[in-house]
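> So that we are looking at the same thing, I have put the structure below in C-alpha cells.
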Amino acid sequence: MSKFHMSSTDYGQNVGSKDKIILAEGYLPTNKIFKIDQYLRMFGFLSQNIDEYLQGNIRGKLKNPSKRMYSFLVLSLLSFVCFRNIILVFTENVTLRKLLGEPQSVYFIVAKRNQLLSWLTPFAVFKGLISPSSMGLDVGMTDEWFRKTKKMLNKSILLTNLQALLCMSMFCMMAYRRHHTHSVPSTSSLFWTIILCLWTYFGSALIFVSYSYFYTLATYFRLRFCKVNNDIETIISPETRLKPNERCAMLYHILCEHNKICVEIHEYNRFWSKYIMQTYFLFVAIICYTSFQAFFTYNTYTVRTVMFAMTLEASYLLTRVSIAASRIANEAHASYGRLIRVTFNKYPVELQIQLRMFIQRLSGPTIGFYCLDIFEITYSTYASIIAALGQNFLLIIDFVRSYAQLKEEHYTSSDLDISDVFNSTLDLNSLINDEIQFVQEKLL
C-alpha cells in the first residue's frame, strides 16, 4: 500500500514505541519533523523568527544578530534594484544610465517630449524672441498671421466660456433638483457639482484652445506656401524682367524654401498627428452617438437638445480641423503646375535636376498633416468621412425601422409602445429567438 493511502492503523504499526506516544499525543513523528522555515529564511523572506512566533511569542524578534543582518541585506538588495529601475525609467542622462549599467533608453521619453514641442518654435515670434524674417515671414505675412491668431484665440476663449456657462447652469439645476427631492445627499451633490463645473471649464478650454493653436500653425504654413507660389508666379510671369543669374538664384531659393517648409511640417506632424487622430476618432464617435440619441430616442426635449448641440459642436470642430489641414496640402501642391511651366526655360544642369526632383516630389505623397500616419488630411479625406457618416446614419435608420416593424408583427398595436422599441437595448439573442418562434408558428 502506498504511504499516501495508508490508514491511521497501518501508519501506527510502522512507527516505534517512542513515536507511538508522540503520535498518540497528536504530534508528528520525529522522522517527519523538519525546519519548514529554513526555505523562507534562506532567502531572507522572514524578518521574524517563525519558531518563536509559533511557540506563542507574538513579537518574534530575531535574537541572532547575524540573522537580522542577513534579512536586512536581502531587503536592501531588493530595494536598491527597485530604486535603480525607477531612475532608469525617468532619466535620459547618458552618463547616469551608463553608471547604472544601461545604455541610452530605447523609449527616449524626455528627448521625444522635448522634440514634440518643436511646433512651438513659430510662436516665439509673438513673444519677441526671434525675428519674423528668421521664420520666413515678411511684414505683410506677419501682420496677417498676428491678426488671425488673435481673432482665433479670442473666439476660442469666448466659446470656452459659453460652453462652460451652459454646462455649469445644467449641473447647478440638477443639483438644485436633487437637493429638493433628497435623492442625493446635499454634501455629495454640492461637492460633485463643483468638481464637474471645474472639469467642464478646463475640458472646454482644452478642446477649443488646442484647436486654435492648430489653426494658427496651419495659417503660418499656408502663408509661407502661398509666398513660395507667388515667387514661382513671378518667375514665369512674362512681365517680370529678370537676368538669367537672378532667375536661377530666385528659383534655387524657392526650392530651398519649399523643402525647408516640408521638413518643418514633417517634424511638427509628429505631435499634431496624434491630436488629429484623437479629433477624428473621438468626434466621429460622438457624432454617431449624439445624433442617434437626438433623433431616434424618446428622451426628454432637454436631453435631445443637449445631444444635438454636442453633435453640432463635434461636427464644427471636425470640419474646421479638416479644412485647416486641407488648405495646407492644397497650397503645398499648388506649385506643381507652375513648376511645369518653369521647365520651359533654360537653366543649369544641376538646377534642372533639382527642379525635376522637386516636381516629382510634388506629384508624390501628400505634403501636410496626417492622422497618426494612417491617412492624410485633405478635402477628399473629409468628404469620404462625411460619406461614411451619412451611410452609417442611414443604416441606423433602416435598422431601427426594421426592428420596430418586427415588433409590430409580434404584438398588436395596442400592446406596442414605440418608445420602448427605441429606448430598449437591442438584444440580438431575443430577436433571433422571436424570429424562430414566428417561423415555427407559420409552419404549424
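Just so it is clear, glycine is given a Cβ too, placed from its N, Cα and C backbone atoms.
TrEMBL annotations: computationally assigned, not manually curated.
Pulled the feature table from TrEMBL, pasting it below:
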type	residues	note
TRANSMEM	69-90	transmembrane segment
TRANSMEM	116-137	transmembrane segment
TRANSMEM	158-177	transmembrane segment
TRANSMEM	189-214	transmembrane segment
TRANSMEM	280-298	transmembrane segment
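How buried are these features, and what lies next to them?
Using a Cβ-Cβ cut-off under 8 Å and counting only residues 6 or more beyond its ends in the same chain, the transmembrane segment (116-137) has close neighbours at 145-146, 149, 216-217, 220, 223-224, 227, 257, 260-261, 267-268, 270-272.
Taking Cβ pairs closer than 8 Å, the transmembrane segment (158-177) reaches residues 189-190, 193, 196-197, 200-201, 204-205, 207-209, 306, 313 in its own chain, all 6 or more past its ends.
Outside the transmembrane segment (280-298), and at least 6 residues removed from its termini, the chain residues within Cβ reach (under 8 Å) are 304-305, 307-308, 310-311, 314-315, 317-318, 371, 385, 389, 392-393, 396-397, 400, 418-419, 422-423.
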> What residues in the same chain, six or more past the boundaries of the transmembrane segment (189-214), come closer than 8 Å to it by Cβ-Cβ distance?
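Non-local partners: 152-153, 155-157, 159-160, 163-164, 167-168, 171-172, 174-175, 178-179, 272, 275, 317, 320-321, 324.
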